[in-house]
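Participant: Pasting the relevant annotations from TrEMBL:
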CARBOHYD  Arg154  N-linked glycosylation site
SITE      Arg154  site 'Required for activity'
SITE      Arg161  site 'Required for activity'
Amino acid sequence: MAQLYSSVKPTPMLKDELDIVIPTIRNLDFLQMWRPFFEQYHLIIVQDGDPSKVINIPEGFDYELYNRNDINRILGPKASCISFKDSACRCFGYMVSKKKYIYTIDDDCFVAKDPTGKEINALEQHIKNLLSPSTPHFFNTLYDPYRDGADFVRGYPFSMRKGAITAVSHGLWLNIPDYDAPTQLVKPLEKNSRKFDLPLRLPILYVDAVMTIPKGTLFPMCGMNLAFDRELIGPAMYFGLMGDGQPIGRYDDMWAGWCVKVICDHMGWGVKTGLPYIWHSKASNPFVNLKKEYNGIFWQEEAIPFFQSVTLPKECTSVQQCYLELAKLVKEKLGKVDPYFITLATGMVTWIEAWEELNSEERTEAKAPNGNKE
């Protein structure tokens with residue numbers, strides 16, 4: 001007797017509560033590989049560069065497409081806070097989303113495989129990370145105690161085992177690591193593998209672990225495989241002014257990460273890093289990167305101690321209040337390092353103003369994109 005198989009695809013986790021945000025300057029053929037995992041979700045595509053260029057998107061995806069003309073039309077003068085000719089423009093997608101969660105990925109990132117050869121559903125793992133608690137106040141030496149097969153180790157306080165809300169899930173990369181330009185130049189052949197390749201002596205391997213970054217510890221956040229609770233921490237996910245007209249690049253996601261971590265620590269929320277992995281397909285030009293990063297390499301030696309020493313006042317009880325306080329301190333403290341930080345602080349304030357305005361109920365109907373929607 002013939003067996004009957006259902007053609008109905010199972011509903012993925014958080015299907016109606018999550019948007020996928022993709023910044024791009026090219027055709028999105030990479031979505032074909034992600035189709036089994038992304039097809040049932042809504043995409044927000046932010047086109048950088050020339051707005052007259054036609055971006056081809058594979059059929060069958062539900063999406064909104066915004067270009068620079070859309071950004072200028074929707075935000076008006078406040079569009080000045082959104083970077084141009086830089087992947088930092090992705091944060092406009094965070095602003096126009098109406099979903100609780102965001103996953104953002106770069107267009108040169110593909111589906112990775114675990115050490116058994118199984119394709120990794122990165123989005124599903126991010127969701128699991130976000131929906132389970134974090135442990136920012138006390139480190140568990142078996143990493144994430146809420147994963148299947150793990151638990152709290154002996155000596156972990158029972159009073160703290162409830163954990164904290166998870167605001168951010170920071171994923172990693174196989175193949176091409178997220179290195180800065182100097183490291184790229186001295187390690188041109190280094191790649192991240194899912195198994196130890198003896199002839200190449202690869203030092204970085206697939207690590208099957210998720211961990212909470214402890215309270216008081218900063219980290220270099222990478223935006224190419226990142227998920228977060230938009231309703232919780234979204235107003236702080238501003239990928240700072242970079243790219244065209246700015247003296248710095250490739251620090252947009254790290255700036256957001258420093259701000260987010262300080263605010264999460266203040267609010268008592270957790271940030272996870274580790275699984276899932278994606279396959280980062282190509283290394284960017286280290287000489288181009290060095291030109292973009294040059295100022296940042298020096299400025300980070302001032303910026304990081306600033307964020308390490310920041311204490312937000314107890315009167316800051318919302319993310320917006322925390323972020324505006326940070327903007328004030330950036331202008332006051334880092335403005336002495338370079339005038340760029342005064343510009344950046346102004347952008348931070350404008351970002352919050354635009355976020356508040358765009359997410360008011362009156363503006364909901366006014367933000368339709370010019371791009372197509374399948």
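Including glycine, each Cβ sits where the backbone N, Cα and C put it.
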Participant: Pop the Cα-Cα gap between Arg161 (site 'Required for activity') and Arg154 (N-linked glycosylation site) into the table, whole Å please.
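Facilitator: Arg161 (site 'Required for activity') has its Cα 12 Å from the Cα of Arg154 (N-linked glycosylation site).
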Participant: Within 10 Å of the Cβ of Arg154 (N-linked glycosylation site), how many other Cβ atoms can you find? Include all protein chains, please.
Facilitator: 5
Participant: How many other Cβ atoms sit within 10 Å of the Cβ of Arg161 (site 'Required for activity')?
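Facilitator: The answer is 15.
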